Amino acid sequence: MDLFLYNTLSREKERFLPVNDPVKLYTCGPTVYDYAHIGNFRTYIFEDLLKRVLLFLGYSVYHVMNITDVDDKTLAGARKKGCSLEKYCQPYIHAFFADLETLHILKADAYPHATHYIPQMIEAIQQLINQGVAYIGQDQSVYFSISQFPNYGALSHLNLEELRNSARIDADEYDKDNLCDFVLWKAYDPDRDGEIFWESPFGKGRPGWHLECSIMSISLLGQSLDIHAGGVDNIFPHHENEIAQSESLSHKPFVRYWLHSHHLLVDRKKMSKSLGNFFTLRDLLDQGFSGEEVRYLLLQGHYRTQLNFTQEGLHASRQSLKRLRDFICRLEDPSYPDDIIHPEVATACQSFLETFITSLTNDLNISSSLAALFDFIRKINSSIDQHTGIQTETDSSVFSKQDAQHILALLRKIDQVLGVLPFSQPDIPEEVLLLVEQREAARKVKNWQEADRLRDEILSRGFAIEDGKTGMKVKKL
């Protein structure tokens, strides 16, 4: 099935036609001057959804996510704390990886640290100077001349003639009102940088933030990428500058598809550390919410729409996951009779799966996919309540254990995309299921001694049996 993605560069949905196999995917990672907030994780979960959908559709993916461990903010933090850059950043790096695991975000294939690629960055800057697209300013910093790159502004759709063009800027972050030549190598300032610098042919200093991503992506993925993803904040100046640098170095198109997620809001305002209205994942875990609940909240809205964060939204996510958990537990009930997978159940599953996938291939429309999931759950619950399969006029077959297992297999399949379904137990080995069936048979003929023996045998294999009013359940110890 064809996948269509909204390309920021063209401002259109385009059929995804990768140039590379595996697909080369680069995503903007954290700047490790502090703990990542959940606004950041909205972007990372969007990128995780993108990757999961690609894998689900059969693509191989090589994924690189950078770690920015040298920039204005990390230097300021290390200077304030009076420690090395590495010592300052390391706790935030460890916390970031722990957060990824808590939120069930798949690991990237590589996590390059900017500080590990300084020699390659220096070499690239020298190449840009030799080409005449970069120059050394009066402050001894090296700048990229945007006037030497004719396509500058294409990604962010800037009309350069209508914008005020300053001479140059050495800050890592700035807005469109300060359009200017941007820094490639920031000259060393002892009052600002302390003892943190690298030697180069241009003098002591450190690389600019924009150059870092260009060099790390080119070093690990080559000169032309299939997809570059990040937050909408990164379109200008960061990604615009990446294009200018990278294409000046390679003389090839840098990225085929640019994807950007929109802001997470708090009280209808953008969540950001500068505004002081942010929450870290740890804040929410301390309030009693789970990683799955946070993931579901951040996952459920379309990535190109703003998502408003509220406590009510988190509680709604909790209820949605409870509904999913109750449904899964119901299917895992082993008391259903043995029978075939009824055609009506198989048809309902296939219809749901087709709707689920079709929505995802339409620019990752997860909202529509989740709506289809809950509609499917409603239909199956209704049929179980009636002790039948999916009813037709000619067939009212009893809902079977095989029906339940078929649906559970389908849910495990779609969880390859969602990464959030709360399965209450792992797959039960066939030999344990056989012992469970033998025990049920012994109980039916009131052979309690044999039933107890089989219970002990099941326990010895790491599973427990719970007998209740609604039937018997098997759980892993």
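Glycine too: its Cβ is placed from the backbone N, Cα and C atoms.
Computed from a predicted structure; not experimentally measured.
Residues or ranges marked as Zn(2+) binding site in Swiss-Prot: Cys28, Cys213, His238, Glu242. The motif ''HIGH' region' annotation in Swiss-Prot covers 30-40. Look at Swiss-Prot and you will find 270-274 tagged as motif ''KMSKS' region'. Per Swiss-Prot, ATP binding site is recorded for Lys273.
Those residues of the chain, other than Cys28, Cys213, His238, Glu242, with a C-beta within 8 angstroms of the mean position of the Zn(2+) site C-beta atoms are Asn66, Trp209, His210, Glu212, Ser214, His228, Gly230, Asn234, His239, Asn241.
On the backbone, the CA of Glu242 (Zn(2+) binding site) and the CA of Lys273 (ATP binding site) stand 24 Å apart. Between the alpha carbons (Cα) of Lys273 (ATP binding site) and Cys28 (Zn(2+) binding site) lies a span of roughly 18 Å. For Glu242 (Zn(2+) binding site), the number of other Cβ atoms no farther than 10 Å from its own Cβ, over all displayed protein chains, is 28. Reduced to three states, the DSSP call for Cys213 (Zn(2+) binding site) is helix.
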